[in-house]
Amino acid sequence: MWQIVFLTFGCDLVLASAYNNFRKSVDSTGRRQYQVQNGPCSYTFLLPETDSCRSSSSPYMSNAVQRDAPLDYDDSVQRLQVLENILENNTQWLMKLENYIQDNMKKEMVEIQQNVVQNQTAVMIEIGTSLLNQTAAQTRKLTDVEAQVLNQTTRLELQLLQHSISTNKLEKQILDQTSEINKLQDKNSFLEKKVLDMEDKHSVQLQSMKEQKDQLQVLVSKQSSVIDELEKKLVTATVNNSVLQKQQHDLMETVNSLLTMMSSPDYKSSVAVPKEEKTTFRDCAEIFKSGLTTSGIYTLTFPNSTEEVKAYCDMDMGGGGWTVIQHREDGSVDFQRTWKEYKEGFGSPLGEYWLGNEFVSQLTSGHRYVLKIQLKDWEGSEAHSLYEHFYLSGEESNYRIHLTGLTGTAGKISSISQPGSDFSTKDSDNDKCICKCSQMLTGGWWFDACGPSNLNGQYYPQKQNTNKFNGIKWYYWKGSGYSLKATTMMIRPADF
């Protein structure tokens, strides 16, 4: 009886079109193998050998078997047929099994494919969602980056605009500075030319001064000879003075005799009554004390002389008795005058005038006088400077001014240089500067080295009175460039 010892089969999960293949072989143990191939599935059958069957290694030949045992051959044929029938049945069964497996595998494959598709769909959806989230995140990041870029771009544009504006301003400033530099260069060239002209002029002046020096040296030598002659005359005059003293003594005796004779009653009756002498005044203080207390023009007499001068007397200011020696108020009188004019005086006592250096010198040299300087600016303010002691030296000392004891509201420091300065005019330069202050600053004054004051300078009207070097100035009240509106210089005895 044939028995199926072992059956193996294998099928791929993926089914293809079926095909049949049958192969017979013998393994190493001598057992027969039958392999059936149906599509992707293969089936192997291992059948045992019967006892009557000999191996192919038997020493006798098959023809001998057939010849010696004919009955065994028929049995073998029958058995083979049975076996083939069994094999055919098994093959059919296997085909059915294969069909069943194929049908089931199709369903399973469809399910597997559906599951795979579902899983893949879920994965794809998850991946898509993740990609969408990542895309949204990236989009947000890109939006933020874009906003930052826009902000940075806007900031850069604003900075660029500011830099452009700054550049334009700098260019304008550079152009203005270039223009200013060009102007300064032109002005510098003009000033250089002017300096060269001044140097030439100064050279000419120095040459002229050298010539004047030579002339002065000649004059000094002449004066030395004159002085020698004068000394001789002085000796002669001294001798004559003794004679004069004797004559004076004789005259005094004669006068005393005449006085004795005039005092006798007989002489008084025989001599007619003389006329009343004319009253004279040396200054306005004497006029005020005489009972004349109205401000106005009065006649004053030089000390020890009959020479007279008209002067304005201020009987109202500070107790009255003031003799006005200078007055400025409207620029109607030109104060750029000569030495002689300042010596004798000029102008009108009712307006602008200068009383005269000679009269003031003689008046103040023998008595102690007070000097008051009254000042008025263009804004309506007034100030004054009061000197407790004032006098002028004689013409031989160039009418040098002497002042002490300053008080008042026009500055704590005197604007008239101290110690005393000599008087200078346009034709008599007695200052301490080689520039001739009277010609440069105009007017006659005690300039010293063109000092801090000049009340006889050029008169400038309102709105033209600032930044004027040659105006009517009083430095320690209004500075050197301010020209005053009105000034008055007046004197009065210190014991008034």
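Each residue's number is its place along the chain shown, starting with 1.
Just so you know, glycine gets a Cβ as well, placed from its N, Cα and C.
Counting every protein chain shown, 17 other Cβ atoms lie within 10 Å of the Cβ of D429 (Ca(2+) binding site). In the three-state DSSP scheme, D429 (Ca(2+) binding site) falls into the coil class. Look at Swiss-Prot and you will find D429, D431, C433, C435 tagged as Ca(2+) binding site, backed by similarity to another entry.
If you look up Swiss-Prot, you'll see 159-256 marked as coiled coil.
A C-beta separation below 8 Å, combined with a sequence spacing of at least six in one chain, links C284 (disulfide bond) to Y298, L300, A311, C313, D314, M315, G320, G321, W322, T323, R492. Summarising the annotation, Swiss-Prot assigns disulfide bond to C284-C313 (among others).
Shown in sequence order, C450 are the residues of the chain, 6+ apart in sequence, with a C-beta less than 8 angstroms from the C-beta of C435 (Ca(2+) binding site). The feature disulfide bond is assigned by Swiss-Prot to C433-C435 (among others).
On its own chain, C437 (disulfide bond) has S424, D429, D431, W445, F447, A449, C450 as residues at least 6 apart in sequence with a Cβ closer than 8 Å to its own Cβ. In the three-state DSSP scheme, C437 (disulfide bond) is classed as helix. Here Swiss-Prot flags C437-C450 (among others) as disulfide bond, drawing on sequence analysis.
Swiss-Prot lists 280-496 with the feature domain 'Fibrinogen C-terminal', giving sequence analysis as the kind of evidence. Averaged across the domain 'Fibrinogen C-terminal' (280-496), pLDDT in this predicted model comes to 93.
Within its own chain, N89 (N-linked glycosylation site) has no residue 6 or more apart in sequence whose C-beta sits under 8 angstroms from its own. Taken from Swiss-Prot, the feature N-linked glycosylation site covers N89 (among others), and the record attributes it to sequence analysis.
Counting only same-chain residues at least 6 apart in sequence, none has a Cβ under 8 Å from the Cβ of N119 (N-linked glycosylation site). According to Swiss-Prot, the feature N-linked glycosylation site maps to N119 (among others), an assignment based on sequence analysis.
In the three-state DSSP reading, N133 (N-linked glycosylation site) counts as helix. Other Cβ atoms within 10 Å of the Cβ of N133 (N-linked glycosylation site) number 10 in total over all chains. Residues annotated as N-linked glycosylation site in Swiss-Prot, with sequence analysis given as evidence: N133 (among others).
DSSP classifies N151 (N-linked glycosylation site) as helix under the three-state reduction. Using a 10 Å Cβ-Cβ cutoff, N151 (N-linked glycosylation site) registers 10 neighbours. For N151 (among others), the entry in Swiss-Prot reads N-linked glycosylation site, with the evidence type sequence analysis.
If you look up Swiss-Prot, you'll see N240 (among others) marked as N-linked glycosylation site.
Marked as N-linked glycosylation site by Swiss-Prot: N304 (among others). In sequence order, Q362 are the residues near N304 (N-linked glycosylation site), counting only same-chain partners six or more apart with C-beta under 8 A.
According to Swiss-Prot, the feature signal peptide maps to 1-18, an assignment based on sequence analysis.
Residue pair N151 (N-linked glycosylation site) / N133 (N-linked glycosylation site) shows a Cα separation of 26 Å.
In the structure as shown, the Cβ atom of D431 (Ca(2+) binding site) sits within 10 Å of 24 other Cβ atoms. A coil conformation is recorded for C450 (disulfide bond) in the three-state DSSP classification, outside any helix or strand.
Cβ proximity to the Ca(2+) site centre (mean Cβ of D429, D431, C433, C435, cutoff 8 Å) flags the following additional same-chain residues: S424, K432, I434, K436, C437, S438, M440, F447, A449, C450.
Among the recorded positions C313, C433, C450, the residue whose Cβ has the fewest other Cβ atoms within 10 Å is C433. Secondary structure at N304 (N-linked glycosylation site), as computed by DSSP, is coil. DSSP gives N89 (N-linked glycosylation site) a helix state.
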